[in-house]
């Protein structure tokens, strides 16, 4: 899961330790809470409703893995509200059915739920056949199923490595190849979208299995963007930065210690929201993006460029300190 697929469910009106200014908004039946400590966040308010015109996906079929919660649920909600017939899949059928019923009642479009463990190629094969049976060949395929946990790499067991790579890399491959074969047979195109993470490109300590697997997912999608365009398929990638969802943060920031640090290194001054990611995802999967293929879109409020700049930490220097520094620089030889 992207180091952080998150906008988190909290049934609170105020936390015991008041974190400063807050924004509350609703998503489905849940209340989401987000800290907005950084003053500049007021310049970057999130838009929480679909940006595409109504019925942008009318008559289209969308298949979303990991569609029962978090980012997957948000993307499914937006696609359904824009007219798509959605089919969601994951291992937990009870959560899937509840989400499908919730979105169906909200949008008026039937959402189907299919239990699927993407680690099992036989189950993936049967799921794709059921998808085609209940809804037809998909026009949109979103590979969102993921798994992650933090651990020093020297503490990793072979099973820990295998658990993550089986879900993220192998699972994405099984779904993509199986659906691709069916689409080629039917002579039908589709838009594929993979949800990865900003550290798929840079790498990251303490999440090495996820970083490695997500990097593989990106290579896979870029390879297929080149190879399967001739069949009417295009492939794009979103690299989310910190988007707080309960599921991801329970494993990646279980103590809540790192959230403030995250916000401090995001130039936009806040975490992202699931709705913002859903807007980007629906655009990339829509006909409005028909000439976007093989793209990797970083969606992180500027976090990656801040972290990669050698001198970006100088933002903490005050005006008075800059006056002193400037005076010292002017006294150096060659100034």
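These residue numbers are counts, starting from 1, taken along the chain as shown.
Every residue gets a Cβ built from N, Cα and C, even glycine.
Positions annotated as transit peptide by Swiss-Prot: 1-34.
The annotation N6-acetyllysine is assigned in Swiss-Prot to 42 (among others) on the grounds of similarity to another entry. In this view, residue 42 (N6-acetyllysine) is surrounded by 11 other Cβ atoms within 10 Å of its Cβ, with every protein chain counted.
Taken residue by residue with DSSP, residue 42 (N6-acetyllysine) is part of a helix. Annotation source Swiss-Prot lists N6-succinyllysine at 42 (among others).
Residue 243 (NADP(+) binding site) falls within a strand segment according to DSSP. The NADP(+) binding site annotation in Swiss-Prot covers 66, 67, 68, 69, 70, 71, 91, 117, 214, 240, 241, 242, 243 and is backed by similarity to another entry.
The phosphothreonine feature in Swiss-Prot is assigned to 69.
Using a 10 Å radius centred on the Cβ of residue 73 (N6-succinyllysine) and all shown protein chains, the other Cβ atoms total 27. In this structure, residue 73 (N6-succinyllysine) is part of a helix by DSSP. Look at Swiss-Prot and you will find 73 (among others) tagged as N6-succinyllysine, backed by similarity to another entry.
Counting every protein chain shown, 19 other Cβ atoms lie within 10 Å of the Cβ of residue 119 (substrate binding site). DSSP classifies residue 119 (substrate binding site) as coil under the three-state reduction. Residues annotated as substrate binding site in Swiss-Prot, with similarity to another entry given as evidence: 91, 119, 149, 157, 251.
Summarising the annotation, Swiss-Prot assigns N6-succinyllysine to 97 (among others). DSSP assigns residue 97 (N6-succinyllysine) to a helix in the three-state reduction.
Marked as N6-acetyllysine by Swiss-Prot on the basis of similarity to another entry: 97 (among others). Around the Cβ of residue 97 (N6-succinyllysine), the number of neighbouring Cβ atoms within 10 Å comes to 16.
Residue 106 (N6-acetyllysine) carries a helical DSSP state (H, G or I). The N6-acetyllysine annotation in Swiss-Prot covers 106 (among others).
As annotated by Swiss-Prot, active site, proton acceptor applies to 199, with the evidence given as sequence analysis.
Annotated N6-acetyllysine per Swiss-Prot: 244 (among others), in sequence order, evidence recorded as similarity to another entry.
Look at Swiss-Prot and you will find 244 (among others) tagged as N6-succinyllysine. Using a 10 Å Cβ-Cβ cutoff, residue 244 (N6-acetyllysine) registers 26 neighbours.
For residue 260 (N6-succinyllysine), the number of other Cβ atoms no farther than 10 Å from its own Cβ, over all displayed protein chains, is 13. Classification of residue 260 (N6-succinyllysine) by DSSP places it within a helix. Taken from Swiss-Prot, the feature N6-succinyllysine covers 260 (among others), and the record attributes it to similarity to another entry.
Among the features that Swiss-Prot reports, N6-acetyllysine is placed at 260 (among others), with the record citing similarity to another entry.
According to Swiss-Prot, the feature N6-succinyllysine maps to 319 (among others). Under DSSP, residue 319 (N6-succinyllysine) is assigned to a helix (H, G or I) in the three-state scheme. Around the Cβ of residue 319 (N6-succinyllysine), a 10 Å sphere holds 6 further Cβ atoms from the protein chains shown.
It is 44 Å from the Cα atom of residue 42 (N6-acetyllysine) to that of residue 157 (substrate binding site). In sequence order, the recorded positions near residue 73 (N6-succinyllysine) (Cα within 10 Å of its Cα) are 66, drawn from 66, 97, 149, 199, 244. Note on proximity: among 68, 97, 214, 260, the recorded positions of the record, the Cα nearest residue 157 (substrate binding site) is that of 214. With respect to residue 97 (N6-succinyllysine), the closest of these binding-site residues in Cα terms is 68, chosen from 66, 68, 70, 119, 241. Cβ-based crowding with a 10 Å cutoff singles out 199 as the top-ranked of the recorded positions 149, 199.
On a Cα basis, residue 244 (N6-acetyllysine) lies 9 Å away from residue 70 (NADP(+) binding site).
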